[in-house]
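Q: Right, I'll just put the structure down here and ask away after.
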């Protein structure tokens, strides 16, 4: 078919058709029937226009080739075959100069004699069927429709055929010749049938008996039969319907649906202001672990015992000093709180038997840090409803923050591999059914790709901290309990390892409602010098507490060890979700599964093994200012997991709003990329609802920045 097209049609038409297909992401070498159809349609449009001019008296005349036509105006403006943006510019210009209503879809021609747009159709089916489809789609009085078939039939709006008999005969003869040429090469049948490419499997089935009766009973009101309903659905064009419904609602509502073009969307406006700060409940890439390998001490597995053993592995403690104060806090209290923790751990070690839990003495620095007695007294509303000046607290508007580079670094780090495994392969019984075998295989491949990922470490750390904090909040409501921040993993050699990140001290926790807040002070070890990115640590008071000797390629190096201290808070509902962070593994596995399913349905066999074992193939991971980033399937697994984990770590109303609203714009852009000619109304309102979520949250700002990169590259 491709050879036939290149021989049969003018090279200029072939070139235009190739350009059009490439603009829509289609390949002329693969979709050869479509290639032929586009060339045929373009040739008919050009033949429709050929030799037709308007003379100085405004009359339509035909000028044969060779006759002088230099001073005459072309009767038809050809819109078909132009670049999409140029075509809309031409249409807009015609509408502005002639006053003709703007069409919703790009027409093929404009007739300066009759002052109307023309939609040309070339069909391999019945002309009246194709005419109805076109009319249903366009739903416009302004656009005139003219349909030709390969059998010599034609149909036009109000039987007004625009051109003289001879011009139309020339087009019909050319179409008949194309058909004969195709038939002689054995191409016609395939070409004729390919126009019904929209038919679905069920249309080929004859629905009879009970199923037919059920189908007829299930129809919406006002439809007499299944065929009747199908015809309506096939011809349904939602944009015009929505416009009509809106105009019925109120005279004030005037939602003109505008075509959404490549030039329509603008980037999201990110807020200006000081850089955003770290707001996760625990340190991520900056965390430092004190660890013990192959723990076998007495009481192994009891958090306090494990913590004491980990603390004993470090010998570089020194007198703590404040290196980065908290702007608004009483920093000396944070310093004293750490000293108290050290002293009380020393007391534990001095005891003959280590207690299972440790409640801190309620010293004034700890009371201050945990907000003890800071909450205003609650008074029953009935006791104060007569107070004349009763009002809600004045609360400040949130301060706008700008995107800072640290959050992208955090995300990149979360996608990386560590040298430890954070997931135990849970034992599930023998597979019984074939589908179970496929599911197990997928789970095992996926687990192998993500078990060493840093995002998986964050999951296990989050699950541990939230579980311990919720337990303590319920079991010791009035106590300032000391909770070690612990995780467990396996080394490359398979040895068990217990890690200590730092400590949490829980405040009073009489949590009646899901949203009641428990305050806690977190104290976390780190080797990151806070003075490198002070804006990231706005909420922290940071102490220097020791020197750690590290082995490097050039020998041993001493690095200062810091303690990141801050007051924080959480609620029962947040801790409940934190305990269920393992769900992130399931979510990302399901996303990978849908990719495997898509590949398998194309190849008509299960592609799990090939999908994971073909190391040479790369997959799209995400957008960056450089373009579409690609990587191995393992990198895709880890990136999807990291996104899911960050959605959990940085969960907020801003993220909820941004995700819901930006998804609408994303779907519109996807529709444009899929050549579905989307229309929109109140696009400004959609942008407003997205941008009102861009305030100060680092993860939301990063997602907005990624969204802008996507817009740039998706609409090239």
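Cβ from N, Cα, C; glycine included.
Not measured: the values here are computed from a predicted model.
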Q: Looking at the Mn(2+) 1 binding annotation from Swiss-Prot, with 108, 119, 120 already listed, which candidate in 41, 297, 326 is the matching residue?
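A: Checking 41, 297, 326 against Swiss-Prot: the Mn(2+) 1 site match is 41.
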Q: Among 124-139, 140-155, 156-171, indicate the range for which Swiss-Prot gives the feature motif 'Nuclear localization signal 1 (NLS1)'.
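A: Per Swiss-Prot, the stretch marked motif 'Nuclear localization signal 1 (NLS1)' is 124-139.
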Q: Tell me the coarse DSSP state (helix, strand, coil) of residue 41 (Mn(2+) 1 binding site).
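A: DSSP call for residue 41 (Mn(2+) 1 binding site): helix.
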Q: Could you measure between residue 108 (Mn(2+) 1 binding site) and residue 80 (Mn(2+) 2 binding site) for me? Cα positions, answer in whole angstrom.
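A: If we compare the Cα positions of residue 108 (Mn(2+) 1 binding site) and residue 80 (Mn(2+) 2 binding site), the gap is 5 Å.
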Q: For residue 119 (Mn(2+) 1 binding site), name the DSSP secondary structure in the helix/strand/coil scheme.
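A: It is in a strand.
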Q: At the level of the C-alpha atoms, what whole-angstrom distance separates residue 120 (Mn(2+) 1 binding site) and residue 80 (Mn(2+) 2 binding site)?
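A: On Cα coordinates alone, these residues lie 9 Å apart.
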Q: Residues other than 41, 108, 119, 120 within 8 Å, Cβ to Cβ centroid, of the Mn(2+) 1 site?
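A: Nearby residues not in the site list: 44, 45, 80, 107, 109, 118, 121, 122, 146.
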Q: Could you state the CA-to-CA distance between residue 119 (Mn(2+) 1 binding site) and residue 80 (Mn(2+) 2 binding site) to the nearest Å?
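A: So the Cα of residue 80 (Mn(2+) 2 binding site) lies 9 Å away from that of residue 119 (Mn(2+) 1 binding site).
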Q: In angstrom units, rounded to an integer, how far apart are the Cα atoms of residue 41 (Mn(2+) 1 binding site) and residue 80 (Mn(2+) 2 binding site)?
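A: The separation of the Cα atoms works out to 9 Å.
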